Amino acid sequence: KNMITGAAQMDGAILVVSAADGPMPQTREHILLAKQVGVPNIVVFLNKQDQVDDEELLELVELEVRELLGQYGFPGDNIPFVAGSALRALENITQNNTIQRGENEWVDKIHSLMDAVDEYIPTPVRDVEKTFLMAVEDVFSITGRGTVTTGRIERGIIKVGDTIEIVGLRETTTTTITGLEMFQKTLDEGMAGDNIGILLRGVQKKDIERGMVLAQPGTITPHTQFEAEVYVLTK
């Protein structure tokens with residue numbers, strides 16, 4: 001469930017596969033889910049390269065993953081692959097956090113991975129001109145501050161002090177944004193594409209939940225009947 005919720009918001013993804021073990025059952029599941037929720041681009045990282053002595057084995061794993069990607073509609077032949085070891089890179093950075101590119105082969109492989117992401121996954125065009133809208137993904141309370149809701153802003157721009165509506169499931173209510181945070185940094189504004197935490201004035205945790213949306217007042221109307229296309233997953 002968490003993988004689907006997160007993947008549905010992605011502009012691209014890094015598929016991590018063990019170079020030592022090859023594709024696992026969850027590898028197939030993640031590729032399928034990525035396709036079904038509309039992840040447009042994937043870059044593959046073959047992890048644990050330090051455990052593979054045979055270059056042919058590494059090539060075989062890459063071939064397997066490319067075929068698997070092709071089976072689910074991704075361009076397997078064109079997707080970038082980067083091999084490395086996240087553990088070895090982390091160990092070296094932990095020992096020397098000022099390490100620069102070109103000074104360690106394992107750290108360089110992570111740089112190469114991010115190069116592949118930058119080159120293969122295009123920077124998306126954000127819809128910042130339209131009115132603010134964000135689906136609620138999670139809600140939690142911060143002692144002494146209030147209720148925070150998290151999610152990905154679908155469109156528009158939001159600022160501290162703005163008035164918004166909480167729409168869906170219950171009576172529509174109005175509140176004021178008293179704080180914005182992203183990746184533990186306080187912001188003055190958030191915009192389309194940001195995964196953000198929004199601190200709401202006078203709202204209790206019990207009053208808001210996943211399935212509701214935050215929106216500019218008067219722009220979203222809740223409905224009890226609608227048409228939808230549903231993809232059902234079994235356990």
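In case you wondered, yes, glycine gets a Cβ from its N, Cα and C as well.
Taken straight from Swiss-Prot:
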- 1-125: domain 'tr-type G' (DOMAIN)
- Asn47, Lys48, Gln49, Asp50: GTP binding site (BINDING)
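Taking the features listed in Swiss-Prot, we show where each one sits on the structure.
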{"residue": "Asn47", "record": "GTP binding site", "Cβ neighbours (10 Å)": "20"}
{"residue": "Lys48", "record": "GTP binding site", "Cβ neighbours (10 Å)": "18"}
{"residue": "Gln49", "record": "GTP binding site", "Cβ neighbours (10 Å)": "20"}
{"residue": "Asp50", "record": "GTP binding site", "Cβ neighbours (10 Å)": "16"}
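Highlighted in sequence order, Ser18, Ala19, Ala20, Leu46, Gln51, Val52, Ala83, Gly84, Ser85, Ala86, Leu87, Arg88 have their Cβ within 8 Å of the centre of the Cβ atoms of Asn47, Lys48, Gln49, Asp50, the residues recorded for GTP, and are not part of that set.
Following the DSSP three-state reduction, the secondary structure of Asn47 (GTP binding site) is strand. Note on the domain 'tr-type G' (1-125): its mean pLDDT in the predicted model is 90. For the domain 'tr-type G' (1-125), the DSSP counts in helix, strand and coil order read 64 helix, 15 strand, 46 coil.
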